[in-house]
Structures are given as structure tokens and as C-alpha cells.
Amino acid sequence: MSTPILESLAPVFLIVALGAALRACGFLSAQALADVNRLAYWVGLPCLTFVSIATAPVALGPATGLFLSVLLATFAGGVLAWYGAARCGADRRARGTFVQVAFRGNLAFIGLPVIVYAMPGNAAVKAATLMVFAPTVALYSVVAVLVLQASRDGARTSGGAWGGVLKNPQLLAAAGGFAWAALGLPLSPALARSLEALGHMALPLALLGIGGSLLGVHLHGQLKPTLIAALIKTALLPLLGWGCAWLFGLSAEHTRAALILLATPTAAASYVLVRQFDGDEAIATGGILLSTLLSAPALALVLLLV
């Protein structure tokens, strides 16, 4: 692996490994990791999202193509996973879990850090990515609710699940940042620096939380569907995204950003919905673990080839 690629990925996976080590030796408890994740999710990432969008020139052209490329590739992969779940060993109850593992990427806690480390100083790509990932995360949540509900007999969608989508902090922060930028309001240096400081803490905290959460994962005989779903997520989706990026005429930098987002591992938050909808917990937790392991070579290939 070339030095620039190693330098881009090493910070992400070294911090993930540190989180796992701190959890294994008992330095961080399960409750401490939960608190770290909550701080990153509710405070750090929204601050980073708001200040990046509010202070960047509004350029919807690249962001639109980036969004459509990620959306279409994700949709195509999700449809293939839905109709191929049974052949891959996932029963009716596990079907929704299988699909969620296959399409729901960890954009905030893995995708964004890799983009930041791989393309330092590229404010335009960073701003476009932040414009894309907030609505994409919200769409992930909506589709996840639908597929998990569809694979559970006689289930009705939980009001709490929909409420979580509407209250998504990244979505609210992105909307606020768009409004601030559209109105042309100035952001004082003191406030901007405060938000940036809070935003910068989010990425390492989130990666520590991911590492700690990977311990104690058990597949319980569901290796085949779990591995296939993880491969769809980290291998098939980036390939589909490459075609979509070519279709929409994305620049090399925006194509790289799209493929990084698509090659991310399954979001750890997917496990929460699986429990709420009585899905297959073994596939959910195993998918997070295997997709995280597979995402390292997948992301390396993206950075090498694009």
C-alpha cells in the first residue's frame, strides 16, 4: 500500500483499534463508550456539519451529482439484497436485517473522517460531502424502518422510529447551515472557532466508540448471509457508485468522495433499529464487524484507483 493511502487510512483504523484496546483492558466501560458516542453524535458532528456548510460557498451542482450517485448506487444494492436475501441464507425475519447491513453505511463516523484525512485542505469537497451525508443519513433511517417492518409479520411502524428520523441532529444541523449560508449571515470568528473545536473532537471520539463496540460480536451460525451482506456493502456498492459517478460526470475528487462514502462499513446505529423491530441480532452485529474489517481494503482500493 502506498504511503499516501496508508497515511489517509491509518489514523482512522488506528483510533478504531485503540478504542477496542481500551475497551478490552477495561479502561473504557460500556457506559463510557455509550456516552462518548452520544457526545459525538449529538454535539460534535452537528457542530461540524453546521459550521462547514454555513461558512462554505453554496455550490449545489457538485453536491447534487454526489448525492444522486450515492443514492442510486445504494438503492440498486439494496434492491439486489432484498430479492437475493433468501438465496443468501437469510430467512423472512432476517431479510430486513440483511438488507440494512448491505446498504446502510457509516458515513458520519467512518466516511467523513476518511475524506478529511485523504483530502486535507479541499474545503469544496468537504462541504459537498457534508451537504450530502445529512439527507443521506436521514434516508438511510427511513428505508431501514421500511425494510425491517416489511420483514416482520403484522408489524406497524413505530412512532418513535419515525420521530428519530425527524429529529436527526445531522439533518437539523445541515438545514440550519443551509439557511445560514443562503441568508448570507456572518459567523463571528469566536463562534466559528468554538463550533470547529467541538466538531474536531467528534471524529476521534466516534472512532474510539466504533472500536469499543466491535468487541463481543458473535455470528451464531449466520456467517454466510452476514459475509455476503458485508461484501455487498463494501464491494458492490462502490462498483455501482463508480458507474453512477461516471453517469453524472463527477470530477475525480467528487468521485473519490462518493466511493469513500459507499465503501464505508455498516453503521453501528443499525443495530438499534434491528432490536426495535425484532430483527436478526447476529447478522446485525456480525455485519458491523465484518464490514468494518472488509472496508479497510475497500477504502484502500478507492484511494489507490480514483
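Each residue, glycine too, has its Cβ placed from N, Cα and C.
Here is what TrEMBL records for this protein:
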TRANSMEM  12-32  transmembrane segment
TRANSMEM  39-60  transmembrane segment
TRANSMEM  66-85  transmembrane segment
TRANSMEM  97-118  transmembrane segment
TRANSMEM  130-150  transmembrane segment
TRANSMEM  171-191  transmembrane segment
TRANSMEM  197-215  transmembrane segment
TRANSMEM  227-249  transmembrane segment
TRANSMEM  286-305  transmembrane segment
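Per-stretch counts of Cβ pairs under 8 Å to the transmembrane segment (66-85) identify 227-249 as the leading one among 97-118, 130-150, 171-191, 197-215, 227-249.
Using a Cβ-Cβ cut-off under 8 Å and counting only residues 6 or more beyond its ends in the same chain, the transmembrane segment (197-215) has close neighbours at 12, 15-24, 28, 30, 33, 36-37, 39-41, 43-45, 47-49, 51-52, 106, 108-110, 112-113, 116, 268, 288-289, 292.
Listed as Cβ neighbours of the transmembrane segment (171-191) (distance under 8 Å, sequence separation of 6 or more from its ends, same chain) are residues 45-47, 49-58, 130-131, 134-135, 137-138.
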